[in-house]
Protein chains: 2
Amino acid sequence: MKPIKVGLLGLGTVGTGVVRIVEGSQQDVLSQTGASLEIAKILVQDKSKARSIAVTSDKLTENAWDVIENPEIDIVVEVMGGIDLAKKYILESLERGKHIVTANKDLMALHGPEILAKASEKGCDVLYEASVAGGIPIIRALVEGLSSDRITKIMGIVNGTTNYIMTKMSQEGAAYDDVLKEAQDLGYAEADPTSDVEGFDAARKMTILGRLGFHANVDLSDVSVRGISQVTKEDIAYGKRLGYEVKLLGIAESQDDHISISVQPTMVKQSHPLASVNGVFNAVYVYGEAVGETMFYGPGAGELPTATSIVADLVAVVRNLKLGINGRRGFAPYKEKKLKSDEQISSKNFILLHVEDKAGVLAQITQVFAEHEVSLESVLQHPNKTNPKAEIIIITHDANQAAMKKVLKQFDAMDVVHSIKSVYRVEG
Amino acid sequence: MKPIKVGLLGLGTVGTGVVRIVEGSQQDVLSQTGASLEIAKILVQDKSKARSIAVTSDKLTENAWDVIENPEIDIVVEVMGGIDLAKKYILESLERGKHIVTANKDLMALHGPEILAKASEKGCDVLYEASVAGGIPIIRALVEGLSSDRITKIMGIVNGTTNYIMTKMSQEGAAYDDVLKEAQDLGYAEADPTSDVEGFDAARKMTILGRLGFHANVDLSDVSVRGISQVTKEDIAYGKRLGYEVKLLGIAESQDDHISISVQPTMVKQSHPLASVNGVFNAVYVYGEAVGETMFYGPGAGELPTATSIVADLVAVVRNLKLGINGRRGFAPYKEKKLKSDEQISSKNFILLHVEDKAGVLAQITQVFAEHEVSLESVLQHPNKTNPKAEIIIITHDANQAAMKKVLKQFDAMDVVHSIKSVYRVEG
């Protein structure tokens, strides 16, 4: 069989990894699929740029159409990033019957349904394992491994940059700004870190996981997002003393076919496996009605881990080519999307208040919770003796979000409450 | 489309779970595959036995051939366990063109290659995700998710009973016999626990994982096995003080296409994710050249978790039926099996010696290591002040097994060494 020809859109970090792995694993791919892969054409921005891998210059092009319109190319791997141009190239490639492998979470989160519909129309594969949690085969786990189960909850540490920052803040008692600066120096955070630290990157990945886990066409705008830039070292220290680590978690839940998806810094009980996922590692915790708890852990980014997922997708496309079933193993959402109301979203909560230091204040505070039928798991007053302010930390039992909003609004209006310093969801 | 009919061989714990999940997820299976599943016939030992699920008596049979020779049945699910009879029924079912889903690790470890060859000949699927680590989709992860990578090491906690025992011994400082008794009372261990505690069950699972990870026809007899029955609470206490937890690990390694597979109690560094896998949970750590470290965690046994994997395999068979590709996605080993020699197997080691308490003994001991070119990471003498014997704990750097055997043989012959109390491999 002739080698199956692959066109690459982009030759940055991940694209370079794809070339390395395809070249290094030719014999394995051939043994596993009966066909070999050849990277035939690569779109780059500047042909003359020096590169860390040897590619003959006739394979490089600065013109995307040399890939898209190339009749020899069977599979297009999109690793250029960005949205509009990547979307155009992918749709045009599909139009020409080419299969797609992409690592583009932004694109799949925003335009996944449109791209998958086009692929289905054209009988083409679109695989995107690398778009969520780099080297962890979480999409396969959801779509195939747990296909017989009803997923009720997905909790993910799906952004390595923020997990690095939270880990460092926790381990060293350091302040957010200092650790962010260090992460930037090390190349773990971008010069403009907004997309990572404000939770937008995680929200895109949770959109994709929510669609696959709950079989409904979740939109990025359905995800409520809060980042880590307001997390203080005091919050982390209080959390630790009470047995929690603060992690930026994506949380997708489904009950009675009503779903909610959020990204937020969360107090995770130290005994929960997600609490010890440290540094740039990612992990996705999946709860299924039948299977119970499973967790998938691994590198969330990086040249070779991400490229591993891309090449695994390439191998899957090649297997489908050999079987003649491309475009027929798609997993289209079959459930109507119904979002939970605030009344239906519930969790434990951690609340840190600064209050007036006089008799009766604690009674007033707890009375507000009682009025809104929020019951309390624990209340700590003056937990920090070195701090002269009167501080109260409250951990609630499960409380719905509507009630919590009313409680916080009432605190905001009370003279004895000087400030609501922090509010976190609690898990584990 | 007519429902796809399934025959069940066995209606014990896992079989009951399969019936429950198939009945509870009809709509999901239909939406995902375009076909529904019907459990048409169930082989039981005693039709009159009371059961926790409602099955009409016409579906039950005490005659296996009512399933095997039933022309209406497309898929046979084998959850009866045992080896000879299960093998016969599976081969006879394949002979009649029926697809197989099995949770039978013993059978797949011993006769997997023969069964898969027959399946390939007959164009049938044989899927066995549930045979390793219950609800964790580890077989899919190895065969598909990491298909593009070269796996170099698999470390697994793949036996829940022994992990429960090791966890209890560690957390409560309890003795092996007491915890085993408790596990038996709770139903976590069999009345005859040999298969679990001596590592045979784990060895079967590692045989299966080794085949899939290294693409070679590993035999059960290739696995070197040592169980946990000789692990003492003192060993665990010393391990903890040095920062290790003792776990029964299956370890499969491949370098330069030479492989080794073992099951043995191992000192795992507390910072390693496997060290905090507790109780009856399972986890499989996979190292790939490109992906780096990944871990898959979840319930290793139980009615519904195991049944989840079986029904996911059923869904996969149904998808293949719809696509007309059954028996064509097999993953046959394509590498010649080459086993490592003792010289090629290396690891760190933990050694506890009881020695004569006089000057110069430590020098004699360390001299033995030096003679065999084993270098030491740390040496602790008298680590336990309450113990009057002279005890020495040594942790080596990476040392090959041949050298280690020579060292231990020499200790055995030395008058100043009263006994070699414990030797453990060290990981993490």
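In case you wondered, yes, glycine gets a Cβ from its N, Cα and C as well.
Automatic prediction, not curation, is the source of TrEMBL annotations.
It should be emphasised that the depicted structure is a prediction, and the values quoted were computed from it without experimental measurement.
Sequence-distant contacts of A:K205 (active site, proton donor), defined as residues of its own chain at least six apart whose C-beta falls under 8 angstroms from its C-beta, comprise A:K105, A:A109, A:S131, A:V132, A:A133, A:G156, A:V158, A:N159, A:G250. The feature active site, proton donor is assigned by TrEMBL to A:K205.
Annotation comment: TrEMBL describes A:K105 as NADPH binding site.
Annotation source TrEMBL lists L-homoserine binding site at A:E190. In the three-state DSSP reading, A:E190 (L-homoserine binding site) counts as coil. Long-range C-beta contacts of A:E190 (L-homoserine binding site), restricted to its own chain and to partners at least six residues apart, with a cutoff below 8 Å, comprise A:T161, A:Q184, A:D196.
With helix defined as DSSP H, G or I and strand as E or B, the domain 'ACT' (A:350-425) counts 24 helix, 30 strand, 22 coil. Positions annotated as domain 'ACT' by TrEMBL: A:350-425.
Around the Cβ of A:K105 (NADPH binding site), the number of neighbouring Cβ atoms within 10 Å comes to 23.
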